[in-house]
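Take this structure, written in structure tokens, and hold onto it; I'll ask about it next.
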Amino acid sequence: MRISVIGCGYLGAVHAASMAKLGHDVVGIDVDPARVETLARGIAPFFEPGLSELLVEARDRLRFSVDMGAVRDADLHFIAVGTPQQPDSNAADLRYVEAAIDGLLPHLSAGDLVVGKSTVPVGTAARLAERVATTGARLAWNPEFLREGFAINDTLSPDRLVYGIAPGDVAAVTVLDEVYAGAIKAGTPRIVTDYATAELVKVAANAFLATKISFINAMAEIAEATGADVTQLADAIGHDPRIGRRFLNAGLGFGGGCLPKDIRGFMARAEELGVDQALSFLSEVDAINLRRRSRMVDLTRESVGGSLEGKNIAVFGLAFKPDSDDVRDSPALDVAMHLLDEGAHVVATDPKAIETARSKCPGLDYAPDAATAARDADAIVVVTEWAQYKTLDPHGLAPLVAARVIIDGRNCLDPAVWRAAGWHYRALGRP
Ligand SMILES: NC(=O)C1=CN([C@@H]2O[C@H](COP(=O)(O)OP(=O)(O)OC[C@H]3O[C@@H](n4cnc5c(N)ncnc54)[C@H](O)[C@@H]3O)[C@@H](O)[C@H]2O)C=CC1
Ligand SMILES: O=C(O)[C@H]1O[C@H](OP(=O)(O)OP(=O)(O)OC[C@H]2O[C@@H](n3ccc(=O)[nH]c3=O)[C@H](O)[C@@H]2O)[C@H](O)[C@@H](O)[C@@H]1O
């Protein structure tokens, strides 16, 4: 099929390359010329495992452009532009979606299918469908569930597909089945529904995941007050298959370009609909999540003698999670900035996110690796659980630091190993 993908960020670039991998002819459109140029050279503009390789592998069927006119040859158009939180409210900012539709409309032909993938407030698709219909084209909403760090695998082997379609638009289902034929395995669930349900499935899934994380972080608060161990608690309750162990990792909590803004956008939309009470628990989910960041700063302050002023703090991790260079609403970067605000001399490191962090926070000092960051540190704080931090050698680091103090913000280290090596070990939710 001939496909266009409008918006080539963390979602769109992966989607465009994956659609080409499935055998389709794809053009990716973005308003950012530097991003388009990088992608056109077969280079991923951000870190996502396997993306650069896929861009090269699929290059014969994949091109990128800043010119919306390049979509003319395609008859299926994915919308994958950003829907960030508005600067002055919790609501989603739809200006990029509107601009993408504005740009697309003059190039649509009767029979084209526009497919929304961006995460939008419920009601958006129905509104956009009316605009698209003026050209004789149709609209479907096909929310995306990929995780950064696993994005290609999640796209090529989705755990479910959701098609939100206009009443009776069976032709859209046929087209989407054809698009994803190479990705659908026997037994891949495929839910065909209306626009509103499709839009809600997406935000409900993210709200559930955020709630699960905040639930275990609430238990971490109780564990801290009682001397209990939240990681053992998570293991124990996670053995119940009705609960499950995944997404029960207590620590600094959730960040990134999606969970935080999606729960806030969902609450804002519920308020507009007059059903804000239904989601009032999500403001508690948000509050628990943000409290973990201040608790981490408190723990660091306590561990260096009550004041951060003039202390050397090594921050291990900047990305919002491992295997990503994304620092959007990163708990790690947030903690680093708070430590700096309290007068600490912060040296931060990350295997992949130094440049994205530097462009956001030029005031931090950055070191190329953990050993350099640890030099003369009064404390090390581990705030992103990269594999290389989980296997750090306490004996190797000891001669570098000013004091053997480590605060594990992701419960990713073995306290026994660090304590046996003479370190003062503290963690969120563990004695
Ligand atoms: N990042 C992720 O893992 C996932 C993201 N989503 C959703 O997908 C959407 C996109 O998210 P990201 O890719 O993370 O955002 P992003 O900010 O990385 O990418 C958005 C891209 O759209 C481009 N853009 C903006 N306006 C445009 C226009 N008018 N025409 C063409 N390009 C335009 C931007 O230059 C940017 O490259 C959001 O709604 C997000 O909630 C959904 C599932 C996963
Ligand atoms: O809508 C989106 O953009 C995506 O948001 C999340 O994916 P992602 O943000 O890539 O990352 P997650 O793996 O969900 O992690 C989110 C945050 O939660 C934190 N987390 C995760 C799991 C856990 O047990 N504890 C925990 O604190 C991570 O450190 C990270 O900061 C969802 O998992 C995807 O399904 C969804 O498509």
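Glycine is no exception: its Cβ is also placed from the backbone N, Cα and C atoms.
What TrEMBL lists as NAD(+) binding site is D30, R35, T83, T119, E148, K261, R328. The substrate binding site feature in TrEMBL is assigned to F145, L146, R147, E148, K202, F247, L248, N249, A250, G251, G255, K321. Residues or ranges marked as active site, nucleophile in TrEMBL: C258. The domain 'UDP-glucose/GDP-mannose dehydrogenase C-terminal' annotation in TrEMBL covers 314-415.
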Ten-angstrom check, please: count other Cβ atoms within 10 Å of the Cβ of L248 (substrate binding site), all chains counted.
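I get 20 for this one.
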With substrate as the bound species and F145, L146, R147, E148, K202, F247, L248, N249, A250, G251, G255, K321 as its recorded binding residues, calculate the greatest Cα-Cα distance and give it in Å as a whole number.
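Maximum Cα-Cα distance: 25 Å.
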Of the binding-site residues D30, K202, K261, R328, which ones put their CB under 6 Å from ligand 1?
D30
Among the binding-site residues T83, K202, R328, name every one whose Cβ is found under 6 angstroms from ligand 2, counting any of its atoms.
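What lies within reach of ligand 2, judged by Cβ under 6 Å, is none of the binding-site residues.
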May I ask which residues of the same chain, at least 6 positions away in sequence, place their Cβ under 8 angstroms from the Cβ of R147 (substrate binding site)?
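Looking at Cβ-Cβ distances below 8 Å from R147 (substrate binding site), excluding near sequence neighbours, one finds D154.
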How far is it from T119 (NAD(+) binding site) to C258 (active site, nucleophile), counting Cα to Cα, in Å?
9
Consider the recorded positions D30, R35, T83, C258 and say which one has the Cα lying nearest the Cα of L248 (substrate binding site).
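Answer for the nearest of the recorded positions: C258.
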What three-state class does DSSP give R147 (substrate binding site)?
coil
Report the DSSP secondary-structure composition of the domain 'UDP-glucose/GDP-mannose dehydrogenase C-terminal' (314-415) as helix, strand and coil residue counts.
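Result for the domain 'UDP-glucose/GDP-mannose dehydrogenase C-terminal' (314-415), in helix, strand, coil order: 32 helix, 18 strand, 52 coil.
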Check the Cα distances from C258 (active site, nucleophile) to each of the binding-site residues D30, R35, K202, A250 and keep only the ones within 10 Å.
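Among D30, R35, K202, A250, not one has a Cα sitting within 10 Å of that of C258 (active site, nucleophile).
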